[in-house]
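Enquirer: The following block contains the structure, expressed as structure tokens.
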């Protein structure tokens, strides 16, 4: 009986020691992982959570504040960026150490050239301030591109493109031009790229919180609507088709971006789908925006920006929109579009 008791005690002690060793090893692994992350973040800075967007190097550090009035994470666990959900100083300090370059494309064709000066001037005040940024302006009026004083490390390149009698054709060519720009110029020059509408201006910070693998902006006109009201392409004959009951958010065609390689794949795919449609006499309801929404339904964005990142000036600001960062200006389309 005494022998059995001794064996039982030995077994219990052995199990206890093993569990203790396992706990210590796990504690050491977690502590080491935390230390390594913390070294990249800076000692003494408090963050709530850390998430990583593809390909595993892009951070989204949440602010100690919480937003309960808006959706801050998608069903596939991508962050939805609103004011109050990130620490701007911490994110900037991390990404500036990476020595990254951000490219930005903007199309100023025909009378849209009138919006370029405000776009460029306000971008100097708010768009990735303190970072290396290369702007690429595509226009059929290169002699009318305004001179704007740019900060050190920021560059403007003007590229000529043909004009068109239909604004739909101008819109359609964007994906092809973006694809070619990346292939011929940006693959070894830029890390991220954003494609933005020229008839817009910046009002507030647009910075490192927007960086991610594939980045989409929620359309301000539909973010409060039920999915059944989203203006997806509904013709099954089109490559942009999104079936009823499908889709996540409705995204803007006027602002999107991400890693250069991710945007290259998006532009290449959307261009091909658009051209395949054109060969069959099909034009999606909202041209490249329709194709972009189809692409992002299948290839989920790793970061989603709230409507703060492309508001509409004619809309009153809703209570949940604490800041407008970038917005489309009020305009008369009849006066600026060729058709």
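Keep in mind that glycine also has a Cβ here, set from the backbone N, Cα and C atoms.
In case it helps, TrEMBL gives these features for our protein:
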type	residues	note
ACT_SITE	289	active site, nucleophile
BINDING	107, 108, 109, 112, 197, 198, 199	UDP-N-acetyl-alpha-D-galactosamine binding site
BINDING	197, 199	Mn(2+) binding site
Enquirer: Whole-number Å distance between the CA of the residue listed as 'active site, nucleophile' and the CA of residue 197 (UDP-N-acetyl-alpha-D-galactosamine binding site)?
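Expert: Counting only the Cα atoms, the answer is 12 Å.
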Enquirer: Write out the long-range same-chain contacts of residue 108 (UDP-N-acetyl-alpha-D-galactosamine binding site), meaning residues 6 or more apart in sequence whose Cβ is under 8 Å from its Cβ.
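Expert: Correct list: 115, 116, 137, 138, 139, 141, 145, 198.
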Enquirer: Pick the one among the binding-site residues 107, 112 whose Cβ has the fewest other Cβ atoms within 10 Å in this structure.
Expert: 112
Enquirer: Name the residues of the same chain, 6+ apart in sequence, whose Cβ is under 8 Å from the Cβ of residue 197 (UDP-N-acetyl-alpha-D-galactosamine binding site)?
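Expert: Result: 106, 107, 254, 255, 310, 328.
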